[in-house]
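Here is the structure we will look at.
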């Protein structure tokens, strides 16, 4: 390699020479110094005829590379630095967010959290009773999973609006994974929390990026329909089974002739009343601005808002009263939720096996299952449930973040520890629910401390009100669920998606149909798989912008600009396209590599073939603005190519090569 003249040194604005930089022959190109200033470096060309450079050893800047032994020796200091960073005060405050807001807690925060916590508690209790039926579990298990997580989230949660507890989607996934066996559900809660915690500690929150908006919408809409369908049996007072949408409706149709008039009448009336009560918070008495309203008008507006927000609790109380009034000597006018154990659940480790259960005749009605059998039965749900839980939680955080960044890693840690704690009080998997998050935000919550009052309200319900839960009609709980999930069907996104990018509807609709026809874990995998196929297709078919340019001296050449990196799925397509344009024009071709930020060995081999194709027909092929990382790949593959970083030198090379007919 020719020596670089002493005067051609790379310097910063303070004339400080860059350390560990080896300069190789090149045409004029620009380098940004350490201080951000721009410098010009001029090196004489090696080729006697062509301004530029050629050959496998011609490159701009190369850093001295460390040997493998040096890299191994550097592991120890790197690990020590990481451990030291983990113990810093900044990391502690980031991973235990309560340390940030608790010292600044004031009376206004306390009042806002008290009102919001009680309001959310009035929503959580009826929802927990209803969601446990979706999970196929006794009603008490919904309440068991609704208080400890609230306390844990106060310490570790980063979003004030997230109310931890059972959700409709998590309940349905729990039913599909556990089939109504409470030991499986509690173990699933423990393992789900453990996986979420590990994902958080290893920074795997980015995995939700693989679930696109259309796939998420299709999944949520399908789940909403399945949940709605699962409640039709309680709404009509019939018996029906099934995991998928098709199985459920097939079973409903088979047993619809056994519809109980009382249950159906109460259920449909409750749905209508709930939908009407949902509109109450929108009604405003007096001027629209609260500052201009009288005291009476403010009281009326607040009362309407409270009635509309606590509509689920009101329906449960009223319908429970009706059920108790008509209950006579064991005769139930409606199907009721039945006995709910009084008191708090015992604190114990989650079960790692399912015992064998026999009836009075000695017939086995539940077979023994060991830990291995349980793991095999839970299968892919151990991955699907944590991902969906994170999606639900992040949706709340983003909805009420007001432009602030959302820490997915911290949320994974928070909901993971919450689920682990819930499993010790016999809860099943939960996360933040968007509907309760909206109530929390509208109630004026100030910090995650609002969860304390929600949890205490659930504890009070378990201690003192469980005897009255017996009289709550199942049709009323089914109406509460149906009136809530009907608004989760995301029909409104179809129109903007159609106007924005029609192909996004394909994975969305495919996910929707697959989730209805198949188990949910397969349905969402279909959507993610289609998304990955779309990504791979776009990676394999980059766009190439073609522009015919002219040098200052009037020599025409073709400028081709690929819009993305060169990797093995795309290089043959790029080669054929460039060859096609080159054969058609028969003029020099310049490949602008500005947007090519990466390449691999396969790409280098195909580019080598492309260079030989042009050389065989004596047509000039040059490269412009090749990034160092891509150049390293080409250098390693011993490519013979010419690259330029200045249009003046490029024009000069084209002119001289054209004049002397030098082959590429």
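Glycine residues also receive a Cβ, built from the backbone N, Cα and C atoms like all the rest.
Keep in mind that what you see is a predicted model, and the values were worked out from it rather than measured.
Database features (TrEMBL):
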DOMAIN    589-657  domain 'STAS'
TRANSMEM  110-129  transmembrane segment
TRANSMEM  135-156  transmembrane segment
TRANSMEM  185-208  transmembrane segment
TRANSMEM  264-283  transmembrane segment
TRANSMEM  304-327  transmembrane segment
TRANSMEM  374-391  transmembrane segment
TRANSMEM  450-470  transmembrane segment
TRANSMEM  476-494  transmembrane segment
TRANSMEM  506-537  transmembrane segment
For the transmembrane segment (304-327), I need the partner stretch with the highest count of C-beta pairs below 8 angstroms, choosing only from 110-129, 185-208, 374-391, 476-494. 110-129
So, taking each listed stretch (135-156, 264-283, 374-391, 450-470) in turn and counting its Cβ pairs to the transmembrane segment (110-129) that are under 8 angstroms, which one gives the highest count? 450-470
Contact between the transmembrane segment (506-537) and the transmembrane segment (135-156) is defined here as three or more C-beta pairs under 8 Å separated by at least 6 residues; is that satisfied? no
DSSP puts the residues of the domain 'STAS' (589-657) at 36 helix, 11 strand, 22 coil
Six or more residues out from either end of the transmembrane segment (476-494), which same-chain residues have a Cβ under 8 Å from its Cβ atoms? 126-127, 129-131, 133-134, 168, 213-214, 217, 220-221, 223-225, 227-228, 231-232, 234-235, 266-268, 270-271, 274-275, 278, 312, 315-316, 319-320, 337, 435, 505, 508
Interface check, the transmembrane segment (185-208) with the transmembrane segment (374-391), three or more C-beta pairs under 8 A: yes
